[in-house]
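Trainee: Quick paste of what Swiss-Prot says about this protein:
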BINDING   Met94, Glu138, Gly139, Arg140, Lys146, Asp169, His309, Tyr310  UDP binding site
BINDING   Trp285  glycoprotein binding site
COMPBIAS  44-55  compositional bias 'Basic and acidic residues'
COMPBIAS  56-69  compositional bias 'Polar residues'
DISULFID  Cys91-Cys115  disulfide bond
DISULFID  Cys232-Cys246  disulfide bond
DISULFID  Cys300-Cys301  disulfide bond
MOD_RES   Ser235  phosphoserine
REGION    41-72  region 'Disordered'
TOPO_DOM  30-363  topological domain 'Lumenal'
TRANSMEM  7-29  transmembrane segment
Amino acid sequence: MASKSWLNFLTFLCGSAIGFLLCSQLFSILLGEKVDTQPNVLHNDPHARHSDDNGQNHLEGQMNFNADSSQHKDENTDIAENLYQKVRILCWVMTGPQNLEKKAKHVKATWAQRCNKVLFMSSEENKDFPAVGLKTKEGRDQLYWKTIKAFQYVHEHYLEDADWFLKADDDTYVILDNLRWLLSKYDPEEPIYFGRRFKPYVKQGYMSGGAGYVLSKEALKRFVDAFKTDKCTHSSSIEDLALGRCMEIMNVEAGDSRDTIGKETFHPFVPEHHLIKGYLPRTFWYWNYNYYPPVEGPGCCSDLAVSFHYVDSTTMYELEYLVYHLRPYGYLYRYQPTLPERILKEISQANKNEDTKVKLGNP
């Protein structure tokens, strides 16, 4: 009798569970609930580098947003073009063989075109893409080792080709023009680096890996030298924290990347995670990691934002359109901080030289 009652109880539990699941599915359909295709970033590990890849947002081919320039023919890009020459940035993008087609090619088709030089760093060489083969293994525990080898490769082959050296992931979107404005105030021969500054574990703080970080030429030299002299080691698997510790050991300053009114420019998540209040729960690690008090909502982000992380391939093109194409008619930019006097003089002199050429009839 007792065993029959126990069997009935188990049958009741199973039936209840199945009924609950069926009802949940029914309500989802009736209410038109959408499947969340955004990356799952609400993990407990602040150093988890890449979004959970569910395969839903992969695009088959690249898109060329610059193919139709009919609405940009009278656009004045003089300042941006001058900064491109004055503030030279080499970008290297952390990727892997499995991500060249899924992610890296969309970086290549969008923001990477504005780098003075761009390199895609993988564990294996790919001459067609192309990607540099660092001869490492793949996996999160290899990220710092890949980072060290990538910077060593850049130092050996491209040290004189740029003034600043940006590391980004293949799911990071970067606005290079805003980064050049930020860096224009600084001397690349000084030991300094910039990114989204976190505070735990390192006295001066360190830069979030996902939001990307940029080293001055002198900072790059010191970082590479640190491993020649054994002042730093490659034993850690936590890339951004380990690099931050090494920077502090080598007396490389953790710079303040906020804009002139104190708003953050480097962002470790996609825009909506910063802009929408309540998206990131207060128990989330992010709130305790920021070096400067974080702001939630529209005040979170500078109008001259530099980067966003966990950007899937679809959002990569959405950001490209929003940043470089969408404009409200009849508005001039409200927030346009001035350039350093040194840069302004150089631009003015360049324009004078160009005017002289025109007057003399030279092309």
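For all residues, glycine too, the Cβ spot is worked out from N, Cα and C.
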Trainee: Using only the residues recorded as binding UDP (Met94, Glu138, Gly139, Arg140, Lys146, Asp169, His309, Tyr310), report the maximum Cα-Cα distance in Å, whole number please.
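Mentor: So the binding residues stretch over 20 Å, Cα to Cα.
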Trainee: Specify the secondary structure state of Cys301 (disulfide bond) as given by DSSP, simplified to three classes.
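Mentor: Going by the DSSP assignment, Cys301 (disulfide bond) falls within a strand, counted as strand.
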Trainee: Rank the binding-site residues Arg140, His309 by the number of other Cβ atoms within 10 Å of each Cβ, and give the residue at the low end.
Mentor: Arg140
Trainee: So of all those binding-site residues, Glu138, Gly139, Lys146, Tyr310, which one's Cα sits nearest to Cys91 (disulfide bond)?
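Mentor: The smallest Cα gap between Cys91 (disulfide bond) and any of the binding-site residues is with Lys146.
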Trainee: What kind of secondary structure is Asp169 (UDP binding site) part of, going by DSSP in three states?
Mentor: strand
Trainee: Measure from the CA atom of Arg140 (UDP binding site) to the CA atom of Cys300 (disulfide bond) and give the result in Å, rounded to a whole number.
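Mentor: Their Cα atoms are separated by 29 Å.
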Trainee: Roughly how many Å lie between the Cα atoms of Cys301 (disulfide bond) and His309 (UDP binding site), rounded to a whole value?
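Mentor: So the alpha carbons of Cys301 (disulfide bond) and His309 (UDP binding site) sit roughly 13 Å from each other.
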Trainee: In whole Å, note down how far the CA of Ser235 (phosphoserine) lies from the CA of Arg140 (UDP binding site).
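Mentor: With distance taken Cα to Cα, Ser235 (phosphoserine) is 13 Å from Arg140 (UDP binding site).
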Trainee: If I take the alpha carbons of His309 (UDP binding site) and Cys246 (disulfide bond), what is the distance between them in whole Å?
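Mentor: Computed Cα spacing between His309 (UDP binding site) and Cys246 (disulfide bond) is 23 Å.
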